[in-house]
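This report refers to the structure that appears directly beneath it.
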């Protein structure tokens with residue numbers, strides 16, 4: 001009996017997946033840290049100027065008027081970093097709400113899908129802003145809004161980095177994830193609405209239309225993004 005027990009062994013208990021032990025997540029965050037450090041060191045003057053332009057509402061036509069090719073490269077890297085960190089945030093969210101997904105699909109594939117979703121979301125919104133702005137408003141104000149929108153995207157990435165670190169490595173609870181994530185999202189939307197008022201609010205009658213446009217362009221796309229991720233998760237569960 002004892003001999004059989006030692007020879008057959010005891011079946012182990014499988015360890016559930018955790019993002020904190022995932023090498024892919026760790027390597028991605030390390031790359032984001034180095035990229036953001038380089039962007040801050042090389043382009044801090046231009047980034048600080050964008051904040052001043054956002055707050056003071058200076059009349060400049062485009063972010064590319066006073067930027068170099070290196071500045072543009074750093075800014076594109078920051079946009080990519082924001083999408084990557086957003087993808088990891090969604091990955092942690094679905095890890096808590098749909099843990100069976102992590103047992104069937106690799107973390108690298110899931111993070112990659114969520115990052116592509118975020119990149120596509122930003123690209124489509126950028127194109128939509130350009131089309132609507134150049135159709136209903138003048139080109140100068142549209143370019144100023146795109147500049148302000150870009151500045152918000154860059155700095156959301158900086159805000160998301162410590163949030164994602166706490167989320168992954170300090171076992172941030174699901175409730176705190178929702179609360180802090182909602183605060184970041186709401187604060188960002190408030191800054192966007194503030195800039196909309198500065199740029200496009202000329203008389204009191206425009207306020208109602210401005211609110212309608214804001215809901216259509218800022219609230220609805222967020223809901224569509226979330227629903228799209230839920231749908232793709234269902235498809236992945238069926239396929240795998």
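Along the chain as shown, the residues are counted starting at 1.
Backbone N, Cα and C define each Cβ position, glycine as well.
Model, not experiment: these values are computed from the prediction.
The range from 6-23, 24-41 that TrEMBL describes as transmembrane segment is residues 24-41. Among residues of the same chain six or more beyond the transmembrane segment (206-226), those with a C-beta under 8 A of the stretch's C-beta atoms are 117-118, 121, 124-125, 128-129, 132, 185, 189, 192-193, 196-197, 200. Panel annotation: around the transmembrane segment (152-170), residues 19-20, 25, 29, 32-33, 36, 47, 50-51, 54, 75, 78-79, 81-82, 85-86, 88-89, 92, 122, 177, 180-181, 184, 188, 191-192 of the same chain, lying at least six beyond its termini, place a Cβ under 8 Å from a Cβ of the stretch.
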